[in-house]
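See structure below.
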Amino acid sequence: MATTNGAKKSQSSKMGPKVLFYSLLLTLQYGAQPLISKRCIGKEVIVTSSVLTCEIVKVVCALVLMARDGSLKGLAKEWTLMGSLTASGLPAAIYALQNSLLQISYRSLDSLTFSILNQTKIFFTAFFTFIILRQKQSVQQIGALCLLIMAAVLLSVGEGSNKTSSSGINPEQVLFSGIIPVLVASVLSGLASSLCQWASQVKKHSSYLMTVEMSIVGSLCMLVSTLKSPDGEAIKRHGFFHGWTALTMVPVISNALGGILVGLVTSHAGGVRKGFVIVSALLVTALLQFAFEGKPPSSYCLVALPLVISSISLYQKYPYLDKKKKKV
């Protein structure tokens with residue numbers, strides 16, 4: 001036992017710098033993504049084209065990582081189409097719609113407002129994991145979720161009704177093209193995350209394999225939707241890369257790598273470290289918005305930000321403990 005414990009300690013100490021490096025990269029990615037997307041993706045860029053390209057980059061990154069860890073070799077023997085569709089089909093379609101909504105909301109919200117509202121996905125993840133997996137929440141976690149909802153309501157009502165919105169955009173556009181899409185995306189993110197957790201527990205799918213499957217299935221769903229959607233008509237009329245510049249690839253690659261980093265941080269350090277990453281990223285977003293856009297956060301953001309930081313910290317610090325299992 002002593003040897004085993006010593007091995008575990010030495011392993012965790014070796015993992016320290018790697019986890020710290022992944023966490024630092026993810027913090028910067030989370031914090032900078034809204035600002036990068038807003039500055040590098042022009043309004044004329046077709047949403048479907050940027051989302052599909054991001055999914056392709058995700059597949060390439062995941063396959064490279066699978067080849068590196070050796071899991072790609074045994075994939076041909078173990079993989080089945082039915083198993084893939086069962087585990088990844090529905091989450092993939094949901095994530096594809098969620099990504100499109102996020103791309104729309106980027107354009108109508110300032111970076112900090114978007115980042116704060118996007119954290120409501122924690123509430124919806126908790127809700128759907130209880131419905132699907134019967135995963136309970138502690139009293140402190142329920143209180144934390146209430147704080148999160150208070151912050152979301154404050155921002156939604158405040159930014160949606162403010163005549164001089166912090167993003168400098170018409171209040172109706174802020175509400176219908178910014179706030180509502182990001183909140184619907186948070187609901188979809190919570191549902192998809194719960195389904196992915198179910199797949200990893202029941203179907204024993206690796207995070208890299210699920211990334212590949214969901215990106216492929218989601219891309220196919222989006223390609224089918226272009227047959228009838230306005231984006232499909234725009235692609236036929238102007239071409240797939242209409243409005244693209246060399247800078248457009250920056251947020252696309254950053255978003256794809258962020259998805260890979262989430263899996264690495266969660267697998268190596270667990271949800272607690274990821275929670276601290278999210279809190280740090282909100283602060284990074286606030287600093288970057290002030291530094292690069294030259295405007296301070298709105299009064300609604302200044303009130304909502306500490307609520308969200310407190311909420312995430314409480315939620316990660318006080319997980320639910322089953323009293324029956326604890327007694328045993």
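Positions of Cβ are set from backbone N, Cα and C atoms, glycine also.
According to TrEMBL, the features are:
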- 47-67: transmembrane segment (TRANSMEM)
- 112-133: transmembrane segment (TRANSMEM)
- 142-158: transmembrane segment (TRANSMEM)
- 178-196: transmembrane segment (TRANSMEM)
- 208-227: transmembrane segment (TRANSMEM)
- 239-263: transmembrane segment (TRANSMEM)
- 275-291: transmembrane segment (TRANSMEM)
- 297-315: transmembrane segment (TRANSMEM)
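Beyond the transmembrane segment (239-263), the same-chain residues lying 6 or more positions past its ends with a Cβ under 8 Å from any Cβ of the stretch are 22, 25-26, 29-30, 32-33, 36-37, 39-46, 49-50, 53-55, 57-58, 61-62, 65, 207-208, 211, 274.
The list of residues near the transmembrane segment (178-196) in space but at least 6 beyond its ends in sequence, with Cβ under 8 angstroms from a Cβ of it, reads 90-91, 94-95, 97-98, 101-102, 104-105, 107-109, 113-114, 117-129, 131-133, 152, 155-156, 159-160, 167, 169, 210, 214. Taking residue pairs at least 6 apart in sequence, the transmembrane segment (112-133) and the transmembrane segment (208-227) share fewer than three C-beta contacts under 8 angstroms.
Here the transmembrane segment (47-67) has Cβ contacts under 8 Å with residues 41, 75, 96, 99-100, 103-104, 208-209, 211-212, 215-216, 218-219, 222-223, 225-226, 229, 231-232, 235, 240-242, 244, 248-249, 251-253, 255-257, 259-260 of the same chain, all six or more residues outside its ends. Sequence-remote contacts of a segment are chain residues at least 6 beyond its ends whose Cβ falls under 8 Å from one of its Cβ atoms, and for the transmembrane segment (142-158) they are 113, 116-117, 119-120, 122-123, 126, 175, 179, 183, 298-301, 303-305, 307-308, 310-315, 318.
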